[in-house]
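Read the structure below first, then the notes.
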Amino acid sequence: MALSAAIVLAAGEGTRMRSNKPKVLHAFAGKTFLNRVMDSVAALNPDTLAVVVHFQAERVAEAARSYDEQVTIVNQDDIPGTGRAVQCAMAQLTEAGKVDGPVLIAASDMPLLDSETLHRLVEFHTASGNGATVLTTILDDPTGYGRIIRDREGNVLRIVEQKDANRSELAVQEVNTSVYVFEASVLTEAIAGLKSNNAQGEFYLTDALETAKAAGKVGAFAAPDPLTVEGVNDRVQLAALSKTYNRRVCERWMRDGVTILDPETTWIEDDVQIGRDATILPGSFLQGHTVVGEDAIVGPYTTLIDATVDEGAVVERSRVQESHIGARTNIGPWTYLRPGNEFGEDAKAGAFVEMKKAHIGNGTKVPHLSYVGDAQLGDHTNIGGGTITANYDGVHKNRTTIGSGCHVGAGNLFVAPVEVGDNVTTGAGSVVRHAVPSDTMVYSENTQHNVEGWKPAWER
């Protein structure tokens, strides 16, 4: 199945989104619409992948290039319409000598368009010997979509847009998905004769099918799952489609042995991996390339972003980003793990603890009310409540190292850079500014002053 070119249409503004950014750059399950469609199209290995841009052209082009540096960017001029977008693309690709064979065309506002559906569409097109093939689907409510008009033998006659359809045409439930395959020669001839005599005053790509009939057979392939070709035009549709899709994702994980108590409030993105017998509690968000191990418990009300949670670990009411949590380690409640943390096994970061670029050894516990940043803590060390590693001197971030088997008293302050050896005990309220050797007790001797008979100002 050789695909000469794939053209992704990403020129529109998407005015119904009421947004300052193009519709194709809105996110769906962790990726932009554009990147999701490019993912699916690229899986077919077209000889050339082109993206047509216009509204905020450079912004969209940059997003496309960040996905694929080799992508061909086509700038659509001010003449509106999908037909004009394809005219611009074909002119640029033909001039570069990059088109000779089947050409796939896809809109970029269908975040669930999948490579399997596209693969079957191209196979059907080739096997049927079509000059053009449109991907269709059947909808209970086809409002807003172009209708597929067939003759009595079932052949595709044309596609009629909603605003141009008469009453009988509006009753048709088979709709255009804005995904097509054309033979390059047929497409070139068909788009040459496009006109803008319609309610929108645009060059419709759909009109090319009528012209294509004269140059070759026109067929239609129905997508087996309407969800894969559902478009998003506004934020209401985005929310509805997101919810439907997320429910499917949760159901898939539940069938694979993961307990999800409330799929309605649990959100799991595509690249997340979850082990068997893990439990995801309500209000949890698993994002990016998060990995959750077997028997781990996540939630309730927890956000994991590109995090790794090993087997048997518990993360409760916390936010964890780009951090690794070792087996049977407990995080939370109300813990904030910023990027770069590495926990050993059987460790703990408890209530109201914030960490950043901290390496926490096996069995080491930071139970509550502490900040640990740019630090290394050895094995089986206990950090008292209210402890701070003062890592920033106004210019540089400095490291704190605390060894294994240490007992750090409450309210300690470590002024980095500073190193503390193994088996060290610090007194409550200590300020540690200098290196402490192993097997040492250190404390700061602060003088206590009592002022007898003291009254607050409002009682004087």
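Cβ atoms here come from the backbone N, Cα and C positions, even for glycine.
These come from Swiss-Prot:
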type     : residues                                                                                  : note
REGION   : 1-235                                                                                     : region 'Pyrophosphorylase'
BINDING  : 9-12, Lys23, Gln76, 81-82, Gly146, Glu161, Asn176, Asn233, Arg338, Lys356, Tyr371, Asn382 : UDP-N-acetyl-alpha-D-glucosamine binding site
BINDING  : Asp109, Asn233                                                                            : Mg(2+) binding site
REGION   : 236-256                                                                                   : region 'Linker'
REGION   : 257-460                                                                                   : region 'N-acetyltransferase'
ACT_SITE : His368                                                                                    : active site, proton acceptor
BINDING  : Asn391, Tyr392, Ala428                                                                    : acetyl-CoA binding site
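Between the C-alpha atoms of Arg338 (UDP-N-acetyl-alpha-D-glucosamine binding site) and Asp109 (Mg(2+) binding site), the distance comes to 33 Å. The Cβ of Lys23 (UDP-N-acetyl-alpha-D-glucosamine binding site) lies under 8 Å from the Cβ of Gly12, Glu13, Gly14, Met17, Phe33, Asp109, Val232, Asn233, each on the same chain and at least six residues away in sequence.
All protein chains included, Asn391 (acetyl-CoA binding site) registers 23 other Cβ atoms within 10 Å of its own Cβ. In the structure as shown, the Cβ atom of Asp109 (Mg(2+) binding site) sits within 10 Å of 26 other Cβ atoms. Taking Cβ-Cβ distances under 8 Å and a sequence gap of 6 or more within the same chain, the neighbours of the residue listed as 'active site, proton acceptor' are Gly350, Ala351, Phe352, Val353, Gly385. Between the binding-site residues Tyr371, Tyr392, Tyr371 has the most other Cβ atoms inside 10 Å of its own Cβ, all protein chains included. Our reading of the acetyl-CoA binding annotation (Asn391, Tyr392, Ala428) yields a largest Cα to Cα distance of 23 angstrom.
Looking only at other Cβ atoms within 10 Å, the busiest spot among the binding-site residues Asn176, Asn233 turns out to be Asn176.
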